[in-house]
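J.: Okay, here's the structure, questions in a sec.
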Amino acid sequence: MASVAGAFLSVLSALLLLSVWTQNPAVAGNPHSCDAPLASALPLSSFSSSSELSGSHGPGFARLNRRDGAGGWTPLVSNKYQWLQIDLGERMEVTAVATQGGYGSSDWVTSYLLMFSDGGRNWKQYRQEENIKGFPGNTNADSVVHYRLQPPFEARFLRFLPSAWSPKGRIGMRVEVYGCAYRSEVVYFDGQSVLLHRFDKESVSPIRDTIALKFKTRQSNGIILYRAGPHGNNFTLELIKGKLVFVLNPGNAPVPPTDAPMNLTLGSLLDDQHWHSLLLDILGVHVTLTLDKHTYHFHAKESSYMDLNFEISYGGIPTPQGALRFSSKNFHGCLENLYYNGVDIIELAKKHNAEILTMGNVSFSCPQPEIVPVTFLSARSHLDLPGSPGEDRISVSFQFQTWNKAGQLLSSEFWHGSGSFVLFLKDGKLKLSLFQPGQSSRTITAGAGLHDGQWHSVSFSVNSSHVSVAVDGEAAGQPLGTMLIVSGGAYHFGGCPNSSAGRGCESLLGALQGCLRLISISRRAVDLISVQQGALGSFSDLQIDSCGIVDRCLPSYCEHGSDCSQSWDTFSCDCQGTGYTGATCHSSVYEQSCEAHKYSGSPSGPYYIDADGSGPLGPCLVYCNMTGTLTSIRLTYHLGNLVSKCQDPSGHLILNRFSYLNPQALSGWPPVYGDCAFQFWGKSRCHLSHTCLSDGTPLSWWVGRTNETHSYWGGSLPGAHKCTCGLEGNCTDSQYHCNCDADRNEWNSDTTVLAHKEHLPVPGLVMPGTSRPHSAAAHVLGPLLCQGDKSFWNSASFNTETSYLHFPTFHGELTADVSFFFKTTVSSGVFMENLGITDFIRIELHAPSEVTLSFDVGNGPCEVSVQSATPFSDGRWHRVRAERNVKGASLQWTSCARSARPLATRSLQLNSQLFVGGTASRQKGFVGCMRALQLNGIFLDLEGRATVTPGVEPGCAGHCSSYGHLCHNGGRCRERHRGIACDCAFSAYDGPFCSQEISAYFETGSSMTYNFQEHYTLSKNTSSLTASSLQKDITFSRETITLSFQTTGTPSSLLYVSSFYEEYLSVILAKNGSLQIRYKLDSHQEPDAFNFDFKNMADGHLHQLKINRKEAVVSVEVNQSAKREVILSSGTEFNAVKSLVLGKVLGKWKKGFFPQSCWITSVMSQMLEAGEPLLPARSDSGVIGGVIAVVIFILLCVVAIGLHAYQQRKLPQKSESKVSANEEC
């Protein structure tokens, strides 16, 4: 029944909303039925223009396809200040326009702006979505170019402003306007009036409330509508600083948490005296607002907030008694086509319907204020106006609006060069500087934050004794003393004209880009229409009778919560603290998996990963374990041990929520990994934690990734309602499928592994309460563990130029980013291509050392390229990242800096399939391998598509050429299907990249011996004599030894290498902690002994030692800084190396030294930084030891010795300690 009722309510709501829209003529425009020609039947008087070349080139000849007169309109002078105007007689809905050049001429317009107005003043430019440059025009005189307007608009007056025209002719236009009649009901509020709608709650009890209207005002503040509830709760829709704000007041209802929004801000610059459409839709606690085609959603949290009375006030808030006392915030302007649930409120008010109460002066026509704004389009814009010279007082006032922090507003010179003043904006503050010959300048500052896009009023006055500047009614001033002030003859608004040099125009800064209005000089208003007609003053690069300010942060193109700021020409995004970068904060600064961190050479440790890259999900902090064959990821929730002791007789269920650092991010990355699992432990006593009733009804369950519920446990399939013991058949009580269901007065436990990654992570767990006393339950959710990476190594091999993979159309309308790896041996080829009707995007290897991103968004092809000093065709992996957004494009390969260029803010329209590895023409295809292809945060399955595509093979072999350098310290790279493995058998290091020091801890009397002669194995045909000769005939003329140690014990033997010929090498710490090295390379001579007094090296700190011998020259380096070189006299060859001893000396040399307790702190600190637990040191005398971190011999038989060293580490020998530790060196 609930579902049937819900379906009925949904249908009823849809019908109600449909009725509202169909009854509202303000939004009923249908572009398919509203396309009648509107201009062709108009009289000649409906056409006007800025000028005309002759009587036969007048505006009345500008009808489409007409040949009378000279065949169209042509102005006297062809420049950007010319216009053609059409008066439609009344407001009409305009859906399309068409243009044509002058008949049989070389005169046509190649681009133009379209302006519209209700009263022939205060024009507004029509801007197609994302297109502020205007409309494309004609390429010849006779063809017709149609342009459908999306969205359409309503207006009486239209103006065409040519911005470019035929290079071989003049401006020439014939035009047509298409649309239909528009029905309008308007009401005007003077700021002291209200319409109160009281409807009958018996006859009207809507499931859904819908209010549709249009508004127009030049006041930045005012309440448009208000509705109250019975508990003091209410909501308002009001203008605040030119923005529409929906404010919800809960009244006496419970206040929601602090993070719950109580208001919603929409739009900007809404006080522009132009119509704006608004639709408010309320369904339960869900509120939807649509302002000028942009939709916003609001959730009221509590249903009591939207429990509202049956009355709505429009234009303000009346007092409870209905007295005519109104708030100063009441609306001052016009409302049009006001509908409540399909009811025409204005029509009811006209008919004095009893439901409508009119309070104050309400009229049903909308006045057209005669305010003429002017737009300063660039830093070169200027307006020169005459003044009244010779007056002893100067006064100027005006209003301005801008986004720029700096720019010049006004300057003028006093009479006969006796001084000057400049009024300008700097750092958003208004400054006035006065200059007089022979005196220092005076500066007054007023206002702050004046670059906020709001209208600000400025008044400036100066006389011989005082100067003052007021901004928005707040004045600042200072006395002048005896300064002579006499007004000059000209005032320069904005910048200075080119001919003004030496004529008193001070240009400290460029003109302030913005709008001015209500200019007054010496308390006389300036007629800007006379300026436009050339009858007053002069100007350049202005747009008169229109304010062209645009909010470039609405809608905001800044992504991932970044802040948008703007100037007149552009906007910028502040990416700080978001984890993203780029012009629009689109690209993540984090890698997308642990695998990516691993193959950048990073060790195990905590990292942020962003599984969907530029997608909507944010980064997440995880622990990456790089040591296994597959990288693994571990994430732990905030609350680790959930314990509940229940004595609830009602047996209510208990919900436990698990908190993560970024729960939204977690929902994105489990699918990227190969396997994921949560480990869950549950313990119960008595009947606390039953998971099921006897009939199988689940009592406990857990919540999945999308808030769905699951009652399966362990390795069972979804819906099985079993724990691990139930699957294995070893539960405590065989009649149950979980141990926790057994009725035992003892602790039982269930351990389960949740491994269906499409359901992970686990945000919550539900446990049953109990009516039994002394019951308890403990539930522990272990970390989420994932391993492998399905995307990083997902690859395909393209064998021919005609082979390619195809995928669905790439949707990157406003922002498109592409990332992939490639390797090849060819010099060129297309990596990917996607086409539209005219738009396209393509990334290709353009030349052996050049990668190119090219695209077209309707304004001509653009290209960005990066070059490498070495060819890309080297058979190694290279990474390419490309991004195109509304601000520019960038391209980056493995190590090259980005290259970017500015672009128009038009969307990329594509409709073909996405071709990967080739093109639609099957030419210039890429030959080689591609992997890890990602578009806008989504990985494409190259391997899956390659398995069913001829000419393309899944996978790609050969990674060591690119990643072999990650194998350090002699480790050898081994190829794997997905990546590489470093074989550390030939290295004295360990770890995934042979970079972890192998260390030992030595107690007193312990040692470790490597016997090198065991590398020589006997074959069946080799005599013992031959084997002996093999052992003793190896001769070395050079070796390199590196080691790290830490100790406080002296004397100590660090290293001893012996031979079959009584030759040896020893490294010793003397009693005073100094380093001593002994070489005996001739059994018949005394050894060479060298003392190195670098410092006391038994100070408990880690020291690094490197010994390099080449014949008789031995160089010693300590801690990578102190160096010394010595010459041997005992010989140049080390013959028949026998063994290496760490920790003490054996054999005929009778002095041995035993190091004290030592730690290899470098290895330990790396563990701590990586987040791994520090395990206690072992005390086995055969293995433990901490002085030798690395020992590497570069010998003729390095392969055999390295292999044996690796084997010996696994099977250490026990120590022998027969030598006294008290003997000195």
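Each Cβ is built from the backbone N, Cα and C atoms, and glycine gets one as well.
Caution: TrEMBL annotation is automatic and unverified by curators.
Here the structure is a predicted model, which means the values were calculated and not measured.
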J.: With the disulphide bonds as TrEMBL has them, who is the partner of CYS956, out of CYS929, CYS982, CYS984, CYS994?
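T.: Partner cysteine, according to TrEMBL: CYS929.
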J.: Verify whether three or more Cβ pairs under 8 angstroms connect the domain 'EGF-like' (957-995) with the domain 'F5/8 type C' (34-180), leaving out any pair fewer than 6 apart in sequence.
T.: no
J.: Tell me which residues of the chain lie with their Cβ under 8 angstroms from that of CYS956 (disulfide bond), as long as they are six or more apart in sequence?
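T.: Looking at Cβ-Cβ distances below 8 Å from CYS956 (disulfide bond), excluding near sequence neighbours, one finds SER795, ALA796, SER797, LYS823, CYS929, MET930, ARG931.
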J.: Counting by DSSP, what is the helix, strand and coil composition of the domain 'Fibrinogen C-terminal' (585-627)?
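T.: Looking at the domain 'Fibrinogen C-terminal' (585-627) with DSSP, the answer is 5 helix, 13 strand, 25 coil.
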J.: Count the Cβ atoms, other than its own, that fall within 10 Å of the Cβ of CYS929 (disulfide bond), considering every protein chain shown.
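T.: Neighbour count, Cβ to Cβ under the 10 Å cut-off: 23.
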